[in-house]
Every structure is written in C-alpha cells, then in structure tokens.
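Colleague: Here it is, the structure in full.
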C-alpha cells in the first residue's frame, strides 16, 4: 500500500509553532514547571522514531516559554539511554523500556543519584514493513513469512510462502534484500520482539536493540533504512517516516491489517503495564499475538526517561516540557506532525502524574 494518500503532509515547524501557541500555553500553566518566566536549556537524545513528534513538542513548548531551549538529538534509542546514564543529557527518549537484564535500570538509578529513574510512554506508532517491488503496490505478509525473509530463509519474491499470503499477485523471481538497523535501536527491539512472539517459532532470536544477524544490508538510523530501500528491498521503520514507500499489511488473526495509528492504539489498549516495575516506571508488556479486530501489534510504545530530581535551574524546565509531551495538547501535536496515536486516557493520566513528581534537589 502506498502511503501518499494515507496521511496529510506534516506542517512546517515554523507554522506548527504558531498553531500550537495556545495549546502549549494551556499545558504550561497546568504545572508548576512551566510558564513564560522560565529561562534555560535542557538537552535530550535518543529515539529517531520520535524525531517528528519531538520537533512538534519542542516548537509548542518553546513558543510559550521563549526563554527556554530544548535541544534533541535523534541519535537512536541505545545511544540516548547511554548518554542519559552517563549524565550527558537531561532526558532520554527510547523506543523500548529500560532493560533490567542489561543493567539499564540500575545504571539509570545510579545516574539519578540513587533514585529510580522515571519512565513513561510518550509516543505510540506503528512500525511499517516497507518494501520496493516493481508492479506490486499491495503486499500481505504473515509474521512467520517476515521472519523467514529477515533470517535469510526466504530469498526470492516469488517464494511459495509469500505467494500463499498473496493469492493472484504476480510476484517476480527477483532477489530480496532485507535492510536492518546498524545502530542500537528501539525500533529493532520492537520489531524483533514481534517476530519472536508472533512468528510461530520461525524467529529463533531474542528481542534486542542490536540486530542479531550479519546477513542483509545494514543502515544507520530510521532515515538510513528509508534511504536504503531500493527495488527489491524490504525493511522496517516507524510508519511516520516512510514517506512515499509502499508498506505491507501484516496478518492478524485471519485478516491482513495495514499499519495505522488507530491499529496501534487498539493493540496498545489490550497490552498491560508491567506490574513488576518500580513506582514511576510505566513500561508496557505489549501483546504481539492479539487477534483483536483492527489491531496492529507491530508497533512501538516509545518512552521518555528522566530523573525524579534535578538542580533548580533544570527541574522546572524538564518537568514542564515532559508534562507538555504527555498532555492532551502535546499528544495532539505529535499526532498532527507525526501521525502517532495519542496515549489512551488512563495511561496518559498515569504518565502525567508521574512527571508531575519531578522536583528540585
């Protein structure tokens, strides 16, 4: 399916800032941490998938707080978490929750002076399976077929498994070139998590930010993957950034579902939060095997990560900015600029409550 007709083009950031002025003002006045008297600079880094949304959030918040600068580097989720735990930035954005087994939770706690880091969902978006195949503008794929393609078990576009998913489609016998992320990526972790849980055993690798195979073509960042999709290629990327590339529909139950914000939201609604996490950590246990009608379980729930306390100069700014990010107005701004799904009301309320606890040391 071609995306051109499925999304209105995102507005320019300058125009967006004007349009969000009233909304940002409302969000800022709702917490102690916002207001036009604030002055200072904070820095964040991480998720490249969140980049379009982050541009909208920064524009909206800075319009209402002209003395504030919010810098953001879409360096990738892994790099963002690493910079956060090293103390190089004030907040991180990650397309996967902090990983306890890899020591990320403990490292974040150490960076936050012995206090558990705060982690709340900020951005929900489908991950699209993008491809370029002459003469084929609609493609259906089951999770097991996707797994075999990216594992190098299926190498030709007219393979029987692809043909079963696409009866009546004239598939060429050309070679498939799978494209994956070369950097540590939360998008990769969500993609491999989907394959490990939904592909009926066809994917033998655990979910991870690091791509587990040496085969295929590697590209840095979301933009790198998009640029690498040439004729015969297939890859994965946040749906908000795939441009005019064609995207596949994935099998959910007995139906094939195209990526959409609405489908991601439906899948999120049936996914509980992880009750083993500390207070202030709203990590989500995504249900990748749901058969809910219209749900699109190949999605990322992306997070913002911060400390509970900061120096006075930054505490109010971090609190105010992240409060705007998870607010109704902030979520609407992201939906407009990035096509993401707004957080469900109950989850949004919990996230706002957690952010509101940020205080000065």
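Note: Cβ is positioned from N, Cα and C throughout, glycine not excepted.
TrEMBL labels come from automatic prediction, so no person has curated them.
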Colleague: Do you know which of 66, 75, 77, 207 TrEMBL groups with 47, 48, 49, 95, 185, 186, 187 in the phosphate site?
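Modeller: Answer per TrEMBL: 77.
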Colleague: Around the C-beta of residue 47 (phosphate binding site), how many further C-beta atoms are within 10 angstroms, looking at every protein chain?
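Modeller: That number is 34.
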Colleague: Below 8 Å Cβ to Cβ and six or more residues apart, same chain only. Which residues does that give for residue 187 (phosphate binding site)?
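Modeller: Listed in sequence order, they are 48, 49, 77, 95, 127, 181, 222, 236, 237, 238, 300.
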Colleague: Mean pLDDT for the domain 'PBP' (37-328), as a whole number?
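Modeller: Mean pLDDT for the domain 'PBP' (37-328): 97.
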